[in-house]
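The feature region 'Disordered' is assigned by Swiss-Prot to 1-24. If you look up Swiss-Prot, you'll see 1-23 marked as compositional bias 'Basic and acidic residues'. Per Swiss-Prot, ATP binding site is recorded for 218, 219, 220, 221, 222, 223, 224, 225, and the stated evidence type is sequence analysis.
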């Protein structure tokens, strides 16, 4: 039956389909391997092999230890040795906590130890065979048996769990490159914190002691706490973070006890860095209001002053304090020897504001031709926190317009909203008036 295609047209169409079938070729293994590697970095295969080796090592460790992922975190029942555990419990008797108050030495016999069992009695005892005489000191807590009250175990100092939880275990993810507009301040901090830990011989050769305390002060939102987080990420020393309001306790003497235990725990470390945030909560100038409401806060501050530079040496402990009201701090807390260096975090300049904008815009999906210097000129007397809010609002404008990329117009609208619209909420002029 004739159709709309002629014989010539039908021949040419068949020839085209044959040529297309000839042009299509199946992918071989080499082409598939190239496609799999497309978009990967030069070290992707090495990283994969390292990840596989790490997973295999973890599997071996879990198999040897008998611990598998479970809700209870216990080993499987097939690996339990209940008979050996019962025998160990029968051989090892429970110990009682006591305190060694005095060591009595004599030439005729071995030293004796005077222990005080709380709310019970005092005994003169000797050591068990498993304890060396050099492990026991006066004033330390020990574990004694209930029969002969022999000392079987030296115990660490008793520290409040709230103080132990102040220690930062995981390092923050903030580095010095994430802090903009604070180049001079970072250098001053590194001279106090990093140089004495990495190059102590420089100070020994000069015969001086490195500064041990730094006060960070400036308007709210200028990067004081952010710099402290960057210091915690950089140093390998133990980092303890304390908020000033945590030292204000209900009962008399609790705040001073927490400060003592805090420095006792810091002295047990090889090197320690303590950061007091919002120190004006406990470090205010002393005055008498006639009612005695601030007496407990003042006692806490006096204990802090004593620990910073009192009769006992501080040791290898660096102290950072941050506040936005330095005019309210007590002069005894501010003197050199306790806080040797005062670092002011002022408002960022034009280059600092542009750097802060680039830091926050680096994590965003933005256009490439944004003029950050122009945006920085439109944000006079703005802090780093306000500039970060500008970047967040620019992203909100892009989301509202259903776009995946923020434009320069979004940043301009965000500046009008944050810098100019929220000017009445800014505390920077009030801070500059007080200080």
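Cβ atoms here come from the backbone N, Cα and C positions, even for glycine.
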Mapped onto three states, the DSSP assignment of residue 224 (ATP binding site) reads helix
Note the Cβ centroid of 218, 219, 220, 221, 222, 223, 224, 225, the recorded ATP site, then list each other residue of that chain whose Cβ lies within 8 Å of it, in sequence. 226, 324, 345, 383, 384, 385
CB within-chain contacts under 8 A for residue 222 (ATP binding site), separation at least 6: 182, 345, 346, 347, 348, 383, 384, 385
For the binding-site residues listed here (218, 220, 223), which one has the lowest count of neighbouring CB atoms within 10 Å of its own CB? 220
Under DSSP, is residue 218 (ATP binding site) part of a helix or a strand, or is it coil? coil
